[in-house]
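Enquirer: Mind having a look at this structure? Questions to follow.
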Amino acid sequence: MSKHAVVQFGVVYALLFPGVFGFVPSPTNVSVVCHNFVNVLYWNYSNPTEQTKFAIKVEPYESPSQTVDTSQTYLDISSYSTDVEDDYLVLLTAHDGQEKSEDVSIRFTYSKDYFDENKHKYKCSLDFPAVNTSVHKDVIEVSFQHPFKLYKQEIMKEEFTYKITHDEQMVKYSCFEDEDLCNAEVHFNQSVAGQCVELKLEGVIAGIPSYTYSNVCVPQPTPETDKTGIIAALIGGATVVLFIIMGFVWLLWRKWSNIPQMPQGLWCIISKQSHTMLLSQPEPTDICPVTSQGPLNYLTEEDQSVSARDDTGADPPVVSEEGMAGEDSQGLGCSSDYDRPKFL
């Protein structure tokens, strides 16, 4: 066998059995996805063996390095890159037994102070905060939380600058972490009424970019209601209610006016009797006096004269027997006790 053939056979055999000659290929297509502070390293590797493992070394610029091994072709290195203000260099090496490949490196950072387009192949990013929209006439109102309230990272305690693009027109805005909400107004043409429009929102905070899209449907404007009819209806209703109240009052007045009045003569008798009873009654006591229901007894003129004499203390006149007899004869002719004199 010629020398040239032996060399060719050795190269082929070394490629097929790299562990025999100490040749271990390096990982390829190494990339890192750093988004929302979740950092995952990916790579490819051809013809791995049962003994193939990968060593990942994370070297922060401002803190000590850490190394971890895995047999997978990806690794979440978020727990090894928690400081979002630092710059990270990642070294990846393949191991097959005692042999190892050459290192493959990649850099990433969230910090604008460390980012260098020549050194950092990938630029870390964040999701734009959830956007709320509402339409009022010819304005779309946009609101969302400041990124610091969403991610709670000290690096984000600063101004958040963002821009909104609509219909090829871009407007810049800004807000700070102490504001409850970031608010913006986007004016649109009434010609888009009844259609949906797309808003593109792009923001940057601490040098970290974020963006999102929002579709907003603009409703058709509703015609203004003619208030003349409403006012007329209210006035008409009030008039009807007023007439009902007036009719009710009129019915009550008619009812009260039909109550019969007390005759004038009866009213005079009741008034006189009440006055007489008030004069003749003694001082009021707790026991109510009982009034007689019989006919009233009236004193004659003679009885009144006798009573008057008794009051003055004068002696009564002497009456003869003839006079007494005459009076008795006259008294026998009366059938009523009302004419008979009363003697006490």
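Each residue, glycine too, has its Cβ placed from N, Cα and C.
Swiss-Prot lists these features:
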- 24-102: domain 'Fibronectin type-III' (DOMAIN)
- Asn29: N-linked glycosylation site (CARBOHYD)
- Asn44: N-linked glycosylation site (CARBOHYD)
- Asn132: N-linked glycosylation site (CARBOHYD)
- Asn189: N-linked glycosylation site (CARBOHYD)
- 300-344: region 'Disordered' (REGION)
- 1-22: signal peptide (SIGNAL)
- 23-229: topological domain 'Extracellular' (TOPO_DOM)
- 251-344: topological domain 'Cytoplasmic' (TOPO_DOM)
- 230-250: transmembrane segment (TRANSMEM)
Enquirer: Going by DSSP assignments with H, G and I as helix and E and B as strand, what are the residue counts for the domain 'Fibronectin type-III' (24-102)?
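Expert: In the domain 'Fibronectin type-III' (24-102), the DSSP-based counts are 3 helix, 44 strand, 32 coil.
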Enquirer: By a simple count, how many Cβ atoms lie within 10 Å of the Cβ of Asn189 (N-linked glycosylation site), its own Cβ left out?
Expert: 10
Enquirer: List, in sequence order, the same-chain residues at least six positions removed whose CB sits under 8 Å from that of Asn44 (N-linked glycosylation site)?
Expert: Pro27, Thr28, Asn29, Thr73
Enquirer: Can you tell which of Asn29, Asn132 has the most other C-beta atoms within 10 Å, given these are the glycosylation sites?
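Expert: The residue with the most neighbouring Cβ atoms within 10 Å is Asn132.
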Enquirer: Taking only the residues in the topological domain 'Extracellular' (23-229), give me the average pLDDT of this model.
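Expert: Here the predicted model's pLDDT, averaged over the topological domain 'Extracellular' (23-229), is 91.
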Enquirer: Which whole-number value in Å describes the distance between the Cα atoms of Asn189 (N-linked glycosylation site) and Asn132 (N-linked glycosylation site)?
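Expert: Here the two Cα atoms lie 20 Å apart.
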Enquirer: For Asn189 (N-linked glycosylation site), what is the secondary structure state per DSSP, taken as helix, strand or coil?
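Expert: Going by the DSSP assignment, Asn189 (N-linked glycosylation site) belongs to neither helix nor strand, so it counts as coil.
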